[in-house]
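**Q** Input: one structure, supplied below.
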Amino acid sequence: MSYNYVVTAQKPTAVNGCVTAHFTSAEDLNLLIAKNTRLEIYVVTAEGLRPVKEVGMYGKIAVMELFRPKGESKDLLFILTAKYNACILEYKQSGESIDIITRAHGNVQDRIGRPSETGIIGIIDPECRMIGLRLYDGLFKVIPLDRDNKELKAFNIRLEELHVIDVKFLYGCQAPTICFVYQDPQGRHVKTYEVSLREKEFNKGPWKQENVEAEASMVIAVPEPFGGAIIIGQESITYHNGDKYLAIAPPIIKQSTIVCHNRVDPNGSRYLLGDMEGRLFMLLLEKEEQMDGTVTLKDLRVELLGETSIAECLTYLDNGVVFVGSRLGDSQLVKLNVDSNEQGSYVVAMETFTNLGPIVDMCVVDLERQGQGQLVTCSGAFKEGSLRIIRNGIGIHEHASIDLPGIKGLWPLRSDPNRETDDTLVLSFVGQTRVLMLNGEEVEETELMGFVDDQQTFFCGNVAHQQLIQITSASVRLVSQEPKALVSEWKEPQAKNISVASCNSSQVVVAVGRALYYLQIHPQELRQISHTEMEHEVACLDITPLGDSNGLSPLCAIGLWTDISARILKLPSFELLHKEMLGGEIIPRSILMTTFESSHYLLCALGDGALFYFGLNIETGLLSDRKKVTLGTQPTVLRTFRSLSTTNVFACSDRPTVIYSSNHKLVFSNVNLKEVNYMCPLNSDGYPDSLALANNSTLTIGTIDEIQKLHIRTVPLYESPRKICYQEVSQCFGVLSSRIEVQDTSGGTTALRPSASTQALSSSVSSSKLFSSSTAPHETSFGEEVEVHNLLIIDQHTFEVLHAHQFLQNEYALSLVSCKLGKDPNTYFIVGTAMVYPEEAEPKQGRIVVFQYSDGKLQTVAEKEVKGAVYSMVEFNGKLLASINSTVRLYEWTTEKELRTECNHYNNIMALYLKTKGDFILVGDLMRSVLLLAYKPMEGNFEEIARDFNPNWMSAVEILDDDNFLGAENAFNLFVCQKDSAATTDEERQHLQEVGLFHLGEFVNVFCHGSLVMQNLGETSTPTQGSVLFGTVNGMIGLVTSLSESWYNLLLDMQNRLNKVIKSVGKIEHSFWRSFHTERKTEPATGFIDGDLIESFLDISRPKMQEVVANLQYDDGSGMKREATADDLIKVVEELTRIH
C-alpha cells in the first residue's frame, strides 16, 4: 500500500463568484466571495473590507445566490456544489462565536442526465417562491422554497430546448417566469416559460423572440418599473419585454466578449459589464414617463469606464465602490469617479488581493542558498500574466528607515527614571557613538550628558538604581539618570582597551584580551569583585540571568579564540564548570544563555554561520544535548527579544532567523529580509513592540509577524507565462510566454500592449532553415488575434527581462528544460515547439531548439525538426527525452552538437507529461492514465514495465518513489499507482495498481519535488517522507508527502473521529466530498489523509478535543500503546503543520 498526506500550503486565491448582501445582520452590508471550496464573508466599512469569517465547504462552490424570503430580517445564502449538494445557510452570532447554520440541505443529482456543457446555472425567483437549476441538458430542476422544509426536495421539468446558454427569472410576474437564450440548428433564440409548481410543468410564457444575435450569451432580468430582460451578445445589446424591443450595437463592445454583469441600482437603471480584456462598462437604461404615469424604456447607452483586472464577477458595494473578482489575475476594489483622469478612465484601484491562479507551471529554487526553497510560479494569463515568488518565513513590516551606514551595535534606553517606554536609541560605529532621540514617530540626533561619543560602544542600557551604563573600548561608565552625570568609571589597570563586554541590570563582565573582570553595579559605584586570566583571548561572552535569580547571573558563558571552545564559568570566582570544544577552525562570534518554554539553553554562533545549541543546567553549569545547525554563511550575532510574552532569539546574519521553541523543540524560522547585522528590541511610544534592525547601509524600525506564513512577491509580465526553468550557471530563469497581437491593415501584426517580451533589454527572432515561411497554409485576416510565443531570459536577482527570443509565426513554444548534455560542459536552454494551424486536428510539425545564454547573449546552438508537438522534455542520463504527439523519444547529443535519435516508444494516445528517476520514465497520457517505462542502456531501448489500465485524463504526474506514482486528472482527483514487483505472473506485474484515491476538488497543473520550509535544520521528527508540491488553476498550492503505515492508521482514526465532532457547513459528508469521482465511477477515498481536516484539530475547543481523543490508542515512540491525551495530538498536529 501507499500512505500519503495531502495538505494545503496556500488556499485557493482565484475568485469564481461574489455577491453583496445583508447577510450578517439587517444593517451590515456584506461582500461574500467564493474561491473554489472557500467562502469568505466581509463587512463593507468606511475603512474598507473587514473580514468576518471564512468557511471551508466540502465541495466546489458552483452557485452562490442570496435571497430574502418574506418574514426574514436578513438575507439567506443558497449554495450548490459541483457534486450537486445544495444548502441554504444563515449567519448566527451569539457574543464572540459565529456560526453558519444550515437551514436546509439535500443532494439534487440525477442518476442519469448529461451535464450541460455551459456548466451549472442556479437562479432564484425574485419573489422567493422557488430555486431554478439548469444542471443537465433538456431538464430544468425546481426546488420549491417552503419555509419549514429542512430537506431540499427538487423535481425536474422537461425542457425541449436542449442547448440553453443562459436563464434567469423575470421580475413582476404573477407566476414564476423564466427567460432563456437557447441554440438550435437555426441559430439562437429567446424564450419565456411560466413555471407551475402545482402541475410541475411549464406553461406558455408571456413572450418570445426568434433569431437573436448568433453570439447572444447572457440574460439580465430587469426589475420593475421596466421589467423584461436585456440580452447581451458579442456585438449587440437588446431589451425585450413583450411589448417593447430596443437594440443597440455600440462598436466599443465588439473588441472583446462581455463575460459578467452586475446591477448597480435596485430599480435596474444602471448595470456594470465586464469583458475578457478587463474593460469595465456602464450600461444605462434611460426612462420615459408616459402620460398615464407608467415608465417605459426610452434608450440604452453603453459607456466605457476604464480598465480593471480581467473580471470573472463584479459586484457593486456602495458609494461608487466595486469589487472586481478575478480568476486570471489579482482581484480588486475599485472606485468609480464622476470625472475621468488624464487617461480618460473613471476607474481607480483602491486595493488589490493577491491571486496566484492559474498556476500553469512552477519550479522550486533556493536562490539565496539558504537551504530553504522558494517557489517561482507562472501565474495569471493575458495582461494579468506574472511570475510570483513565494517563500515561507516571518515577515518584518517596515515602519521607518534611516540611511546610516556602518552600524556596529544598537541598544534602546529609557532616559528618564519614571519612563515605562524607550525614548532613546544608542548606535555604535567604529571609533564613535551616536544617540537618537525618539519623539513619537520622529527621530532626531541628540547628546546624552555623561556619555562619550568619540569611542565605539560595546554595550549600553538601563541598569539598577536608576542608572545608565555605557561600556566603550576605553572604560565602563556609570551615569545617573537624574541629573545625567557620570558617577563612576572603571578602566583596566594598565588602561588597556576593552575587547568584549556583557552586562545585565546589576553585573558587568568585560574582557581585555585574555583577562576577564567582574564588576557589580551599586548606587553611584562600579565595584570590581574579581578577575582571572584565560589561556586564550576571549571572543564573546554573556551573563544573561536565567530562571528566578533576582536578575543576577551565577554563570558567565564565554567563547575563546585559538582552541575554539565554549566555557561556562561560575561567578564571582570564574571557576570553570564546563568546557566544550567546538572543533574546526572558525571562532565563536556570539554566545547567549536563554530560556525557552522553561528549559535553559546555551547558543553559540560561529563566524561561518554555524550555530551550536546545548541544554544548560543552571545549577551545575553542565552542557548536554549538543546540536548544530547552519543558519547562514556570515558571522552571526544573537540577541533576545520578546513577542507574544515568549522569549525569542533573533540571529542576525546574511540570512536572518528567528529561533523559538514549540513543544520543547527549537524552531528556526526565516525572516524575510536580505541581511541583518545587528538588532535590538524597541518599545517606544511611536513604535510599540518593535525591532530596530541594522544592515550595512540602513537602520530600519519595524514590527515582526507572530507566525511564519507564505510571503508572495509579484513580477508582472503583462502576457501569459507558460513554462519556467532555472539555470544556475547563468543565474537566470528561462520562461516561455505568449502575447496576443492583432493583424493590422498592412498584413503585419501589432502588440496590444507593452509586455515583458516587447520591453526586454535585448531581443532576437527565430529564423529557421527547417520551415520556409511560405508553407503556412493559413492566412490571417484583418483584426484577427494571433499568439506570439517567446523565450524570456530573466535575471534571478532583479527579475528583469534580459532577453526575449521570438519564435516563428504560428509556432507555439510548449516545453522547456535547462540542462547539460553528454560530455559537453555547457548548460543549455532547450525549447520544444509545435507549428499550430487552425485547420489541423493536431500539429504535424515542430522543432526542438537548443539555446545557450552567456555574456548577455542568446545563441541558437542547434535545432531539430520533429513530426508533431513537443509536449514535454526532460534531461535523462545526459541525454534529452522528449514526448512528441504519441511518441516518447530519446535523443543523444553528438560531438558535432546535434541531436540524434537513439530510441522511441510509440504506445500512447498523446504523451503529455514525462518524469524520470534513475532509468525509469513515467509517462502521463491525455486519456490513458500513466505508463512506466524502463530504459535499457545496454540494448539502447525502452521496455514497457507496467501501466494503469483505468481511463484517466491526466493533468500532471510525478514519481513519489521507486514504486509509487502520483497522478492528477481532469475531474479534480488525485491517485497513486503502485508497481507490483512481488507479483507472480507477468499479467499482474504489468498492471499498475491504484492504491490511493482522493478527490482534491482542484485542477492540478504541475507537480514538483521540493519544500517551502527550511530543510537540513538538524533534527526533525515529523513522521513524513519526501515532499511534492503542486499548483492548481485556482492558485492553490498543496503538498503531498508519504507516511508510514502506523502514522497513517493513527491519522485515519483521528480523521474519522474529527468528522463526528466537526459539523460541516451544508451538512455535506466528508467521505462524500473526498470520494474519488469521475463521470465513470465514484469510489471512496483511500490511501490519503486529508491534512486540512487534521490541522483543523488545532482550531477546535478543548472539550471537543477531548471528544476526539477519547480512547484513542497512541504509540509515543516507545513501542507501547497507551491512551492519547489532547496534548499528544496537539503535538502531532503541530509537527505536521511544520512541513508547510
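Placed from the backbone N, Cα and C atoms, the Cβ positions cover glycine too.
Here's the feature list from Swiss-Prot:
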type	residues	note
REGION	2-768	region 'Interaction with CDT1'
MOD_RES	SER2	N-acetylserine
REGION	13-356	region 'WD repeat beta-propeller A'
REGION	391-708	region 'WD repeat beta-propeller B'
REGION	709-1043	region 'WD repeat beta-propeller C'
REGION	771-1140	region 'Interaction with CDT1 and CUL4A'
MOD_RES	LYS1067	N6-acetyllysine
CROSSLNK	LYS1121	SUMO2 cross-link
MOD_RES	THR1125	phosphothreonine
**Q** What count of other C-beta atoms do you get within 10 angstroms of the C-beta of SER2 (N-acetylserine), across all chains shown?
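**A** For SER2 (N-acetylserine), the 10 Å Cβ neighbour count is 22.
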**Q** Given a separation of at least six residues and a C-beta threshold under 8 Å, show me what packs close to THR1125 (phosphothreonine) in the same chain.
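**A** Correct list: VAL1109.
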**Q** Rank the recorded positions LYS1067, LYS1121 by the number of other Cβ atoms within 10 Å of each Cβ and report the first-ranked residue.
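**A** Counting Cβ neighbours within 10 Å, the top one is LYS1067.
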**Q** For the C-alpha pair, I'd like the distance in angstrom between the residue listed as 'N6-acetyllysine' and the residue listed as 'N-acetylserine', rounded off.
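**A** Their Cα atoms are separated by 30 Å.
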**Q** What kind of secondary structure is the residue listed as 'N-acetylserine' part of, going by DSSP in three states?
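**A** Where the residue listed as 'N-acetylserine' sits, the three-state DSSP reduction gives coil.
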**Q** What's the CA-CA gap between the residue listed as 'N-acetylserine' and LYS1121 (SUMO2 cross-link) in angstrom, rounded?
**A** 23
**Q** Can you work out the mean pLDDT of the predicted model over the region 'WD repeat beta-propeller B' (391-708)?
**A** 91
